[in-house]
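Per TrEMBL, the features are as follows:
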- A:22-67: domain 'Transcription initiation factor IIA gamma subunit N-terminal' (DOMAIN)
- A:78-118: domain 'Transcription initiation factor IIA gamma subunit C-terminal' (DOMAIN)
Amino acid sequence: MLKVKSTSLCNAKNLMNSETQYQLYRRSSLGSTLTDALDELISSGLMDPQIAMKILTQFDSSISEALRTKIKAKATLKGHLDEYRFCEDVWTFVIDNPTFRFENETVTVEKAKIVACSVKAPEVK
Amino acid sequence: MQIPDLKLKELKKVVRFHDVNTYHQAYTHQEYDRKFEEECFGHHQLNNVSDKQLQRLKLILERKRKLEEEQIHHSMSNSQVPIVYKGVIDDVIEKMSQHFLSQGLDHLILNQLSANWEQKLIQLNVADFQQQQQPQDSTQNSSSQLFQGNPYLVNQDLFNTYAAANMANIQQSINQQVQQGAGNNSNGFNITQNDGQDDETLPKSVLDEIEPPLKTKKNKNLKTQQLNRHEIDIILIKQLDGNEDGDDDSDEDEEEDLDQNLGSDLDDSDDSDDSAQPVDHLILCQYEKVTRIKTKWKCVLKDGIVNVNGRDFLFNKANGDFEW
C-alpha cells in the first residue's frame, strides 16, 4: 500500500539557513542537547534569543563541516521499506526491521526512520 | 514470575540471532554457535530439559546478552563519536566567542553554555564519553582491553561467574555501584570543564541550577546502561581477585538463589529497556542518489548521524538496499 504523505508535512524550506547549511542535524542528539541548553539560558534570561539563533546557525555549519571532513566510516543499511515520501528535495523513509552494518558492528532494530536532504544544496533564491 | 513458555529451539534461535550480531567480526558464526551450545547446553540432554532449567537458562542468557551489549559499548565503532562531538562543541564555542568579542558581549555565558551542553550530551549516553574523559580510571580501561583482546574467553568467564558466583554479594555491590554511578555524572562534568579551552570555572550555583533535562525515559536508559557497566567492572574485579569459583554446576541451593536474584533484577531492567518504551531510531543524512527498480530501492547516503538503540553512529557514506 502506497503511503505518500501530503506536502503539508514537509518542511524542507526550513531545512536551509541563510548560509545554506542544513538545519537537519539539529534533531540529532548533539543538536537537541544544544537546543535544550540554549532554551534554559533563554528562559532564565541569560541569553538573547537572537544570539541563540546565531549559535544554532553556527552549529549547523560546524556539524556539517565535521561530518564532511572528519568522518571516514562507511555503513550499509538493509531492510523492508514501509513508507516513503519525497517532497521539496527531502526524502523520508521508514524502514521495517532495518539492519545497520557499521565498520565493526551490526545492529538490527524494529523500525527506523531516515530523513535525507539532497547532497546538492538547492540554489538560494 | 511466570514461567516463560519457551521451547529450546526458539531459545537457541534467539541466541544465534544475537550472536550473529555480536560476533560477526570476532568469530565465524558456526564456530561461535558451536562453542556457545557446548557452553550452554553441554550439560543437558536436549530432550529432557525441564521448564525450570529452561527458565534459568533463559535468565542467564538474558544476562549474558546484556553484558555483551555493554562490551560492545566499550569497544565498537562509535568510539569516534565523543571526539567528533567534542570537536563540534569546541568549534561552535570558539566561533561564537569571536562573535561575542566583536559585539562586546559577556563571554561567561558561552562557558556556561558549553558546560551545560556537554553535560546534557553525557547524560544522553549516546557514546562512551566517560571513558574518553576518565582515562585514569584503570578498571574501566583494563576491562575494555580485556574485552577487545579475547571476547569469547572473557564472556565464558563472565558466564561461569554468573552461573556460580554468590549473587547476593554481587547484587549488593551493584547497588553500591549504582549509587556511585549517580554521582559519576557530576564527576564527568567537572572534568569536562577542565578539559575545555577556557579555564574559568562556573560558579557553584550554576552547577546546582542545572537540572537534568532529559525525559524520564532517557534517564531510565542511562541508569540501566550504567548499571551494566558497573556490573562488568565488579565481575572483572572479582575475577582479578580470584574470589569467584568458576564452576558451572554448583549445588542446587546456589542455583535457586541465582534464579531468584536474576529474576527480580532482570524484571527491573527489562521494564526500562524494551517493552515500556519504543525507541525512536533516526537517521539524519543527505542523499546522493535514490533509485528504484520495481520494488527494489537503492540509496546512496552521505554524512549521516544514526541513532539506534540510544547510541549514535556516524558515517561518511552509506548504501541502503530496501524492498518495498
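Using the three backbone atoms N, Cα and C, a Cβ is placed for every residue, glycine included.
Quick caveat, the model's predicted, so the values are computed rather than measured.
Remark: secondary structure over the domain 'Transcription initiation factor IIA gamma subunit C-terminal' (A:78-118) totals 0 helix, 35 strand, 6 coil, with classes taken from DSSP. For the domain 'Transcription initiation factor IIA gamma subunit N-terminal' (A:22-67), the DSSP-based tally of helix, strand and coil residues reads 38 helix, 1 strand, 7 coil. Mean pLDDT for the domain 'Transcription initiation factor IIA gamma subunit C-terminal' (A:78-118) in the predicted structure: 92.
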